[in-house]
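K.L.:
My questions will all concern the structure given below.
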């Protein structure tokens with residue numbers, strides 16, 4: 001990576017006080033969670049089984065066959081042993097230093113929360129929470145995993161993860177909170193997102209602040225509008241920033 005890019009990123013962060021982070025699947029790769037659509041990712045593995053990923057991750061699957069849906073997310077979605085990496089930790093640290101308004105994420109792995117971030121807008125929900133589809137009793141991930149739950153202890157109906165399935169709308173309260181963050185940000189740092197899947201592109205379009213920074217392995221449609229673009233291994237970039245500040 002180019003040292004001038006690292007220095008420019010440091011300068012932008014040091015001179016900003018209302019940073020908003022927008023994160024995609026690339027942020028969690030170093031935690032052992034492959035991008036859903038990459039080789040070896042969830043979509044790739046499901047497709048090998050001859051199943052449609054979109055159907056298995058849909059509200060229709062839940063309605064059509066509750067037992068199949070339960071077994072699917074127990075076998076494929078639950079990620080008990082994954083830990084936050086240096087990128088999650090850096091984001092949380094800047095929030096704790098009151099340099100950041102928070103993080104908007106497309107990820108469902110809950111690793112921003114695990115790293116210590118508090119002001120998180122999880123656009124697609126989180127696997128850190130579960131609830132009953134009938135009585136809406138809520139269960140934490142730790143309780144859910146420890147007790148190997150499949151059915152609600154209160155009413156006996158199915159428990160589902162608090163994620164947005166295909167066929168469901170995004171939570172509008174979460175969307176409005178995310179948009180408000182971006183509209184008040186002086187710097188928007190995009191990490192590990194291709195910015196091609198909606199609503200990601202729409203959110204970036206709402207940013208009117210001073211610095212748009214994009215750190216992603218591949219090019220995005222917004223690279224030409226950014227103050228700084230780094231196409232490199234994200235973990236290496238953030239390690240360089242953290243080590244230079246220590």
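Backbone N, Cα and C atoms are what each Cβ position is placed from, and that goes for glycine too.
Sharing the feature lines straight out of Swiss-Prot:
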type     : residues                                           : note
DOMAIN   : 1-246                                              : domain 'Deacetylase sirtuin-type'
BINDING  : 25, 36, 37, 106, 108, 109, 124, 193, 194, 216, 233 : NAD(+) binding site
BINDING  : 36, 108, 109                                       : nicotinamide binding site
ACT_SITE : 124                                                : active site, proton acceptor
BINDING  : 132, 135, 152, 155                                 : Zn(2+) binding site
K.L.:
Cα-Cα, whole number of Å: residue 124 (NAD(+) binding site) versus residue 155 (Zn(2+) binding site)?
P.N.:
26
K.L.:
Between the binding-site residues 109, 132, 152, 155, which lies closest to residue 194 (NAD(+) binding site), Cα to Cα?
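P.N.:
When the Cα distances are compared, 109 comes out closest.
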K.L.:
What's the number of neighbouring CB atoms sitting within 10 A of the CB on residue 135 (Zn(2+) binding site)?
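P.N.:
That number is 12.
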K.L.:
What binding-site residues among 132, 135, 152, 155 are found with a C-alpha within 10 angstroms of that of residue 108 (NAD(+) binding site)?
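P.N.:
Passing the 10 Å Cα cut: none.
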K.L.:
With a radius of 8 angstroms around the mean position of the C-beta atoms of 132, 135, 152, 155, what other residues of the same chain does the Zn(2+) site pick up?
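P.N.:
The surrounding set, listed in chain order, is 133, 134, 136, 137, 153, 154, 156, 157, 159.
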K.L.:
Going by C-alpha positions, which of the binding-site residues (25, 109, 233) is nearest residue 155 (Zn(2+) binding site)?
P.N.:
109
K.L.:
Hey, how far is residue 109 (nicotinamide binding site) from residue 152 (Zn(2+) binding site), Cα to Cα, in Å?
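P.N.:
Cα to Cα, residue 109 (nicotinamide binding site) and residue 152 (Zn(2+) binding site) are separated by 22 Å.
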K.L.:
Per-residue pLDDT averaged over the domain 'Deacetylase sirtuin-type' (1-246) comes to what?
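P.N.:
Averaging the confidence scores along the domain 'Deacetylase sirtuin-type' (1-246) gives 91.
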K.L.:
Could you tell me which of these binding-site residues, 108, 152, has the greatest number of Cβ atoms within 10 Å of its own Cβ?
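P.N.:
Counting every other Cβ within 10 Å of each candidate, the maximum falls on 108.
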K.L.:
Count the other Cβ atoms sitting within 10 Å of the Cβ of residue 233 (NAD(+) binding site), across every protein chain shown.
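P.N.:
I get 15 for this one.
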K.L.:
Drop a 10 Å sphere on every Cβ of the binding-site residues 25, 124 and tell me which sphere holds the fewest other Cβ atoms.
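P.N.:
Relative to the other binding-site residues in 25, 124, 124 has the fewest Cβ atoms within 10 Å.
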K.L.:
In sequence order, which same-chain residues at least six apart have a C-beta under 8 angstroms from residue 132 (Zn(2+) binding site)?
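P.N.:
In sequence order, 152, 154, 155, 157, 158, 159, 160 meet the Cβ cut-off.
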K.L.:
At 10 angstroms around each C-beta, which of the binding-site residues 109, 155, 194 has the fewest other C-beta atoms nearby?
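P.N.:
It is 155 that, of the binding-site residues 109, 155, 194, has the fewest other Cβ atoms within 10 Å.
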K.L.:
Using the alpha carbons only, what distance in Å do you get between residue 25 (NAD(+) binding site) and residue 135 (Zn(2+) binding site) once rounded?
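P.N.:
Residue 135 (Zn(2+) binding site) has its Cα 32 Å from the Cα of residue 25 (NAD(+) binding site).
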